[in-house]
Structure formats: C-alpha cells, structure tokens
Amino acid sequence: MQYKKLGYVRVSSKDQNEDRQIENMKCLGIENRDIFIDKQSGKNMKRENYQMLKRLARTGDTIVFDSLTRLGRSMNDVLEEFRYYEQQRINLQFIKEPFINVNYSGQSTNDVIQQAVQKATLTILSAFAEKERNDIKQRQAEGIALAKKQGKHLGRPPVQITEQFIEAYEAWQSGKITAVGAMRKYDIKRSSFYKLVKEYEAQEKTKHMGENERC
C-alpha cells in the first residue's frame, strides 16, 4: 500500500503570505494538491482545511507542518491532536522541530525512552507557544490602554465625505452606476457607504433649508 505525504500550511490572517511554507513543502516532494492551507488564527482548531486534512489522512500517511505553532497555539489543543494522530497511527513531521517528529511505522519497545523524551519536549514547546500567544495578547491590551490614556485614535481613521465620494454619489443618483459600482469607485464598504450617504444628504438638506430661509 502506498502511503501519502500531506502538507499543512497556516498563516494567522489574510494579509500574511504563505508562500515560504508552501515552498518548504514542495522541497519535500509534496504536490500542490496535497497541501492544505488555512488563513486563520491557531487558537481555533475547527479550521476548515485542517479538518478536511484530518478526514483525508489515513493510517501510515505523514502530515508535514512547517513548525509546531502551525498546528496550534494552545498546549491542550496540540496535545489532544497528537493523541488523535497516535490513535490513527498517522505520522507527523515538523520541518523546524525534527526532534519531535513522530513515525509509527516499525516502532519497537526499544523506542520507549525516545517517545518519553518526545512527549516531554512536545509539552514544553506547546507551553511556550501558548505563553507567547498570551504575551502578545497582553502587550496588545497594554498598548491599547496606553493609547487610550494618551488620547490617541485607535483603529482605522473615520471615512470622510470627499470630492471623490460626491462624484460617485452623483453618478449613482443619476443612474449612471449602481450602488455597488459607487462603492467600488470610492473603494468603501457597504455600511460605510450608506453612512456617508446619510450624512451627505443631511448636509445637503440643511444647506438647502438655509438657502431657502435667506430667500
């Protein structure tokens, strides 16, 4: 029976680039069709493509990760996944941490010490990964609190009524483009677009009322 080698790639957000991890997988002979990619935080184990990978992997197959943190960030979650793969006899390979690789084919009782060392190392690495994630969250919270204390604006700057918006609005109102076309022209989200429309129309109404009063 021919066993498969499958690759798993994860980045934490859509803005991050997964190319380096994919290239590492290809260097190990893994084909594109056998590489599963998620753009999602490691704290969530219900990632769509990871779950698909688990369903497809069979006893004797090998799953390759760039590093342990690509599997998950929570120590308990990572250990639970290891137990699952141990039950299924699915091999695990970590490019950056080869000393915790697990290969269930041809193991004998002489490997008991090695297994114990691997499990201890895995627990330590998982704990460090979880601590790193918690430290990042704490630093972010402290940074936000400090910024608020200093009166700094957080998040994206509020959208403004500009000449470009007015141009897109007038084209939409005259039927030259659709609302979606206006949003694309102005490069703005739906909720923000209609918020600006409401503000702009209120301004125009107030302006016209003032002009009528002067008349």
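Placement of Cβ uses the backbone N, Cα and C atoms for every residue, glycine included.
Curation plays no part in TrEMBL annotations; they are all automatic predictions.
Feature list (source: TrEMBL):
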DOMAIN    4-151  domain 'Resolvase/invertase-type recombinase catalytic'
ACT_SITE  S12  active site, O-(5'-phospho-DNA)-serine intermediate
For S12 (active site, O-(5'-phospho-DNA)-serine intermediate), list the number of other Cβ atoms lying within 10 Å of its Cβ atom.
14
Need one number: mean pLDDT over the domain 'Resolvase/invertase-type recombinase catalytic' (4-151).
83
